[in-house]
Amino acid sequence: MRASVVLTCYCWLLVRVSSIHPECRFHLEIQEEETKCAELLSSQTENQRACSGVWDNITCWRPADVGETVTVPCPKVFSNFYSRPGNISKNCTSDGWSETFPDFIDACGYNDPEDESKISFYILVKAIYTLGYSVSLMSLTTGSIIICLFRKLHCTRNYIHLNLFLSFMLRAISVLVKDSVLYSSSGLLRCHDQPASWVGCKLSLVFFQYCIMANFYWLLVEGLYLHTLLVAILPPSRCFLAYLLIGWGIPSVCIGAWTATRLSLEDTGCWDTNDHSIPWWVIRMPILISIVVNFALFISIVRILLQKLTSPDVGGNDQSQYKRLAKSTLLLIPLFGVHYMVFAAFPIGISSTYQILFELCVGSFQGLVVAVLYCFLNSEVQCELKRRWRGLCLTQAGSRDYRLHSWSMSRNGSESALQIHRGSRTQSFLQSETSVI
C-alpha cells in the first residue's frame with residue numbers, strides 16, 4: 001500500500017522531465033541510493049560495532065554501538081512527496097537493529113490530507129497545459145500556413161514571426177511527445193531493459209531542452225527586431241541572418257555545452273535530475289540572460305514609443321503607424337517577459353504552486369496568443385484573407401452566371417431549331433398539298 005501511494009504520486013509529478021516509465025525511474029533511483037550506501041559503508045571502519053551498517057531497501061544506516069540511536073532524514077528518493085521535513089530513527093540493541101520509529105508514513109508526512117489535493121492539482125494542471133499546447137499547436141500551424149500562402153506577406157517581419165511560430169510549435173510537440181512517452185500505460189513494464197534505452201531517453205531530453213531555449217531566444221529576437229525598427233540603427237532586412245544565428249545558433253551552442261557537461265560530470269539516468277550545479281547553470285544561465293535582456297528591451301521600447309507618440313513632430317500617419325505597432329507588440333513583450341522576470345529574480349519567495357501555474361498553464365497558451373497577435377489580428381493578414389475571399393466569391397458568381405447564360409443560350413437555340421423544324425415541315429406539307437391539287 002505504501003509503495004503504491006508513492007508510485008501514484010510519482011506518476012503525476014509534473015515538474016520533472018523524463019522519457020521512461022515513472023515506476024522504472026523510481027526503482028532506478030532506489031538502486032542508485034543503494035549503490036551510494038554500499039560505497040559509504042565500505043569506506044567506514046566498523047571497529048567490531050554491535051550493529052553493522054545496513055541498507056534496508058529505502059535508507060542507509062551507519063554502524064552503531066548498543067544503546068545508540070541513529071537518526072536520518074526521510075529518504076531522498078521520496079523527497080518530492082514530503083508534506084513536511086521529518087526524521088526516522090533506529091535503536092541499536094543487543095539483538096541488532098530495532099524497527100524504524102516513528103512510523104515511516106507519519107514521520108515523513110505521506111498521510112497528510114493535502115496529498116490527495118496535490119495529486120488532483122497536478123492532474124488538473126496536466127489537463128490544462130495539454131489543452132493549451134494542443135490549441136497553440138493548431139493555431140500556430142494555421143497561422144504559418146496563412147503567412148506562407150500569401151506572397152504579399154513575405155517580408156522580414158513575417159519571416160521572424162514564422163521562426164517564432166516554429167519555436168512554439170517545436171516546444172508544444174516536444175512537451176506532448178514527452179508526456180505521451182512518460183504517461184503511457186500500454187504494454188508491460190520491463191524495467192531491467194530500460195538502461196539499454198538511455199540513449200534515446202537522453203536524446204529526447206536534449207531535444208526538449210533545445211526547444212525550450214530556442215523559444216526563449218526567438219522571443220528575444222522579436223524584442224531585438226522591434227527595438228531595431230524603432231531606433232532605425234540598421235535596416236531590419238540586413239540583420240535577418242544575425243537573427244537566425246541568435247534564435248537557432250545560440251541554443252545549439254548552449255545545449256552542446258550542456259550535453260558535454262552532463263557526459264563528463266553527471267551522466268546518470270535520463271539527465272532529468274540536477275544534483276550537480278554546473279550542468280544546471282550551463283542551461284539555466286543563457287535562459288536567464290535572454291529573459292533579462294528581453295525585459296530591458298521592453299523597458300526601452302516603451303520609453304521610445306512614449307517619446308514618439310507624445311512628440312509634436314510626429315504626423316498623423318506616423319502616429320497611427322506607431323499606435324498599430326504598439327498594439328501588436330507591446331501586448332506581447334510583457335506577456336513573455338514580465339512573469340518570467342518575476343520568477344527569475346525571486347525564485348525562492350514565490351510559491352511553487354504559482355510558479356507551476358505560470359510556467360505550465362499560462363505558458364502553454366502562449367503560442368495561441370502569439371498566433372492571434374501576430375497573424376489573426378494583423379491588418380495585412382486580414383486584408384489578404386478578405387481579398388482572397390472576395391476573389392473566390394466572384395469566381396463562384398461568375399461561374400454560376402456563365403452556367404446560367406450557357407443554359408439560356410442552349411435553351412433558346414433548341415427552341416429556334418424546333419420552330420425552324422416545324423416551319424420546314426409545314427412548308428413541305430403545303431408544297432405537297434399544292435402539287436396534289
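Glycine residues also receive a Cβ, built from the backbone N, Cα and C atoms like all the rest.
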For the feature N-linked glycosylation site in Swiss-Prot, which residue out of Asn57, Asn412 does the record point to?
Asn57
Can you sort out which of Cys24, Cys37, Cys92 is the disulfide partner Swiss-Prot gives for Cys60?
Cys37
Swiss-Prot annotation, disulfide partner of Cys201 among Cys92, Cys108, Cys270:
Cys270
Stretch in 158-179, 203-227, 354-377 most in contact with the transmembrane segment (124-149), if contact is a CB pair under 8 A:
354-377
Show which residues of the chain containing Cys37 (disulfide bond), separated from it by at least 6 in sequence, have their CB under 8 Å from its CB.
Gly53, Trp55, Cys60
Mean pLDDT over the topological domain 'Cytoplasmic' (304-324): what is the value?
66
Looking at the recorded positions Cys51, Asn57, Cys74, Cys201, Cys270, which has the shortest Cα distance to Asn91 (N-linked glycosylation site)?
Cys51
Going by DSSP, how much of the topological domain 'Extracellular' (261-279) is helix, how much is strand and how much is coil, in residues?
8 helix, 0 strand, 11 coil
